[in-house]
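Structure first, commentary second.
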Amino acid sequence: MEQESLNQERLVEEIAKRVKEILQLIGEDTEREGLKETPERVAKALLEMTSALRSPQPYIKVFSLAENENSSVEDQIVLVKDISFSSLCEHHLLPIIGKVHVAYVVGKSGKVAGLSKIIRLVNYYASRPQIQERLVEQIAEAIMKSDIQPKGVMVIGDALHMCTYVRGVKDREASLISLSTRGIFSTKPSLKSQVFRLINTSKKSSTFL
């Protein structure tokens, strides 16, 4: 733990030096009151937003829904909707802010994951320089290969990208929707329709899907 703390302090120090250099290159006075602590703050924020690069993937702990040998939850759709996430666009290192919906079909094992485990997985793959299309693919693949042993997985991402919001075309309305499917969701369109209906049931007032 002490070694990790020392490594973190060293990373903050090294990144802060470079942030200070960048500020100076764009013409800022890094000694003025408002910027004195900015390099260190930026370094800490960047490390927090990319923490997954230095951490293992969280384990998806599962449990069985079947109460006895004669009961079955096979083929049940489990949906975790409106998981908020933030990430960094790998092209400009500007924020991506949105929501992810994760659905899976329970397999023969009758196993499901706790709600927090799915949320942690989403946050893990978001905590790095990322593109949204890859994000939903990585989440879907991780769940498909997990101990849940689902028959299929469907992941939908809907987000605003600050790289088009504050620069370039400066569009304030456009959002990106990405979809990834695995297993039975790839072969049965009716299941995808069911998930979309579930997502829109009791839909919260939101900018996102």
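Glycine is treated like the rest: Cβ placed from N, Cα and C.
Sequence-distant neighbours of H92 (Zn(2+) binding site): residues of the same chain at least 6 apart with a C-beta under 8 Å from its C-beta are M162, C163, R167. If you look up Swiss-Prot, you'll see C89, H92, C163 marked as Zn(2+) binding site.
Summarising the environment of C163 (Zn(2+) binding site), the number of other Cβ atoms within 10 Å of its Cβ, over all protein chains shown, is 17. DSSP gives H92 (Zn(2+) binding site) a coil state; it is part of no helix or strand.
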